[in-house]
Amino acid sequence: MADLASRITKPDEAPAAAPEAAPVSAPASEEPKAPENETSIEESQSNLVKNEYEVEIKLSDLQNDTESPLYSVSSFDELGLPEAVNRGLLAINFKKPSKVQEKCLPLMLSDPPRNMIAQSQSGTGKTAAFVLTVLSRIDLSKPHQPQALLLAPSRELARQIQTVVQTIGQFCENLIVEAAIPGAISRETGVRGSVVVGTPGTVMDLVKRRQFDISQLKVLVIDEADNMLDQQGLGDQCVRVKNMLPKTIQILLFSATFPDKVLRFAERFAPNANQMKLKHKELTVKGISQMFMDCPTEKDKYDILCKLYGLMTIGSSVIFVRTRETANEIQKRMEADGHKVSALHGAYEGQSRDVLLDEFRSGRSKVLITTNVLARGIDVSSVSMVINYDIPMKGPGEREPDAETYLHRIGRTGRFGRVGVSISFVHDRRSFEALSQIAQFYGIDLIQLNPNDLDDTERKVQEVIKSSRAQAEYVPSATDSAV
């Protein structure tokens, strides 16, 4: 890989060493890929069976059960899904399982139920995988008895997962899916659905108020599990929720990223779990052309952003910033300069956030400025560009590059076999070293854009966005052995 620092236009500034890739054991290779969430869930499957990348499947009982070899399925018919679920898959044009579905579903649907920790790239069908498991486990003759609980880090993602369950389960008679998010559950009736999708805090409140009968829950799903289990507050809430649930519950943990520290905790949270892992360098999607712009100063970032506005509106675009204040400031300045943009972050009330995201999904709003509240899981099929206005950082004083958040941010584009562009702004030694470390960690070559040659930038970006074929194959590993 050509080193980012060698191509960045700042002399005398070498990047710090990249963090080492976490060691993993041995891989098992294969093929496919598929959707993760709402809206474009109906459009995807025809592109999904072409991709090949290596995975590692670790069966917790591999040494004890020699008669249960790892196997995969080549069609949904082989899974023995309920007829109504198969009809739902056909209605949304899901013809063959993606890689994560092909590998995980036979394990998650086995009896007796086993826990699962699954890692797969953004936009490859994780949501559909756990939704199919949920719909196969619940008893539809008890529509008002909660039987499956799906937790997400934000109301936006919870609402989106709710829509996916309803879409795939559209032919499941008596299926009731409720969102356990602030303001959604009536105090008078409480939770009355067989599938409940929510955020941990609201779920805990409902249980404490005796408005959520958890006694017959069969499945617990945690989406974006690395973030949910690692984030202070959310992690504690997840543990408390789990401790309230029946001991026999099946636990499914899904995310695109699982840092070692979080994975160790996840293995305790979901004991004896089957696992699906990927190599670090298989985590980014080739369909996303990853670029960077070396801005002369921090102030120049805004001017360059405005010059890119025409490109941002070819499809839809998401601009990620570090703080709510920055989001508000950019929105005001861009609107004053005659550009139509929206901003969404945690300071907005829940219903306002719902309206803003719905407007963005529908295309009424095409440029959305946001914080990391939308970095994970959100699926809007029209997003063709992601801009990292601020490089994601973490740790005390935000001095450490946040490679996981970078991956989740850029994963808002290039979904389900489509192409997309991500452009990261750097302006000083700290920001370009951070981006360099992220690039080295994932083994990616970033394309440099010249801030003084917007014609060339336009050509490079349009080449990708207007491409007639979405070649979203996964980045091959640097070697054939496991990292």
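If you go along the chain as it appears here, the first residue is 1 and each next one adds 1.
Yeah, the Cβs are placed from backbone N, Cα and C, and that goes for glycine too.
In Swiss-Prot this protein carries:
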- 1-47: region 'Disordered' (REGION)
- 14-29: compositional bias 'Low complexity' (COMPBIAS)
- 74-102: motif 'Q motif' (MOTIF)
- 107-276: domain 'Helicase ATP-binding' (DOMAIN)
- Ser120, Gln121, Ser122, Gly123, Thr124, Gly125, Lys126, Thr127: ATP binding site (BINDING)
- 223-226: motif 'DEAD box' (MOTIF)
- 304-455: domain 'Helicase C-terminal' (DOMAIN)
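Note on Ser120 (ATP binding site): other Cβ atoms within 10 Å of its Cβ, all shown chains, come to 28. Ser122 (ATP binding site) is surrounded by 26 other CB atoms, counting those within 10 A of its CB over all protein chains shown.
In the motif 'DEAD box' (223-226), helix, strand and coil residues by DSSP number 2 helix, 1 strand, 1 coil. Taking H, G and I as helix, E and B as strand and the rest as coil, DSSP gives the motif 'Q motif' (74-102) the counts 17 helix, 0 strand, 12 coil.
For the domain 'Helicase C-terminal' (304-455), the model's average pLDDT works out to 92.
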